[in-house]
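Student: Next up is a structure, given as structure tokens.
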Amino acid sequence: MDGEDIPDFSSLKEETAYWKELSLKYKQSFQEARDELVEFQEGSRELEAELEAQLVQAEQRNRDLQADNQRLKYEVEALKEKLEHQYAQSYKQVSVLEDDLSQTRAIKEQLHKYVRELEQANDDLERAKRATIVSLEDFEQRLNQAIERNAFLESELDEKESLLVSVQRLKDEARDLRQELAVRERQQEVTRKSAPSSPTLDCEKMDSAVQASLSLPATPVGKGTENTFPSPKAIPNGFGTSPLTPSARISALNIVGDLLRKVGALESKLAACRNFAKDQASRKSYISGNVNCGVLNGNGTKFSRSGHTSFFDKGAVNGFDPAPPPPGLGSSRPSSAPGMLPLSV
């Protein structure tokens, strides 16, 4: 009743019925609790009787174990006396056998020493063999990597040479476009001053110049295709006689500026690749003239490997890792930076 809210009653009969129902509910709960208590008491008495029976059995088993323990102690004493007697007899026999054993041990030590020397020599030979095999595999792997890297660099150099041609052609085309734009602007100014009533013809001339700049390719063409660019004079106006808007003219000029920026980026990248190729060539000549050492075994025996170390660096042969290649020039093909022309031609 502490947590329940007492409702409001409209009549005395409703209040009486409510309290009567509540009392019946509490009476039923009390009856259930009393039944559970009686059941719990009966279970407790049964458990207590069972535990008492187990206690009696445990005490009986403990007494039996104590009796067995006492009997085993007597047997141990008898066995100790018998063991001492046997030990005295065996000691005499052991003293006689030890003399024979000392002689056989001396012979055995000599044989063991000889066997250890043979095993050590065998281990040294096997270790030298494994080191030789591992070194040979490492040398072959590095040789293959060097060959692949050199082939890749040679292909890159070929691409750079073709890019030089394309870059020079782009420069020439851009220079021609700038000159032609300047000439046409001057012609347009002269025409505007001489004939101010004909703006449509001037617009058409400017549109043809802008269309010529729009027709230039943004990247060099690939190998096997003719690396030629159409002359601005030979490019037709794709819009017919309709003039271009000022935004189209600005876009065309922006394209020309982008071409010039890309050409400059290609020149800087080509210079870096040339410097790296020169470094690789000098490094290869230094390695081929200095690396010719072999692998030493455990006894100091030298195995000459001059025929396998001529293509590897001196640090790898002496047990040190070679210097890593410069960033961006690993086994995978480097990607072009954003806003630059691709290297493939």
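Cβ atoms are placed via backbone N, Cα and C, with glycine included.
The coiled coil annotation in Swiss-Prot covers 28-190, and the record cites sequence analysis as its basis. According to Swiss-Prot, the region 'Self-association' annotation covers 56-166. For 64-189, the entry in Swiss-Prot reads region 'Interaction with KATNB1', with the evidence type similarity to another entry. The feature region 'Required for interaction with PAFAH1B1' is assigned by Swiss-Prot to 114-133. The feature region 'Interaction with CENPF' is assigned by Swiss-Prot to 175-345. According to Swiss-Prot, the region 'Interaction with YWHAE' annotation covers 189-256. As annotated by Swiss-Prot, region 'Interaction with NEFL' applies to 191-345, with the evidence given as similarity to another entry. Annotated region 'Interaction with KATNA1' per Swiss-Prot: 195-256, in sequence order, evidence recorded as similarity to another entry. The phosphoserine feature in Swiss-Prot is assigned to S215, S231, S242, S344. According to Swiss-Prot, the phosphothreonine annotation covers T219, T245. Residues annotated as region 'Interaction with DISC1' in Swiss-Prot: 241-280. What Swiss-Prot records for C273 is S-palmitoyl cysteine. Feature annotation from Swiss-Prot assigns region 'Disordered' to 315-345. Residues or ranges marked as compositional bias 'Low complexity' by Swiss-Prot: 329-339.
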Student: Would you mind checking how many other C-beta atoms are within 10 angstroms of the C-beta on C273 (S-palmitoyl cysteine)?
Tutor: 19
Student: Could you put numbers on the helix, strand and coil content of the region 'Self-association' (56-166), residue by residue per DSSP?
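Tutor: Going through the region 'Self-association' (56-166) residue by residue, I get 111 helix, 0 strand, 0 coil.
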Student: List the helix, strand and coil residue totals of the region 'Interaction with DISC1' (241-280) as derived from DSSP.
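Tutor: Computed counts for the region 'Interaction with DISC1' (241-280) are 35 helix, 0 strand, 5 coil.
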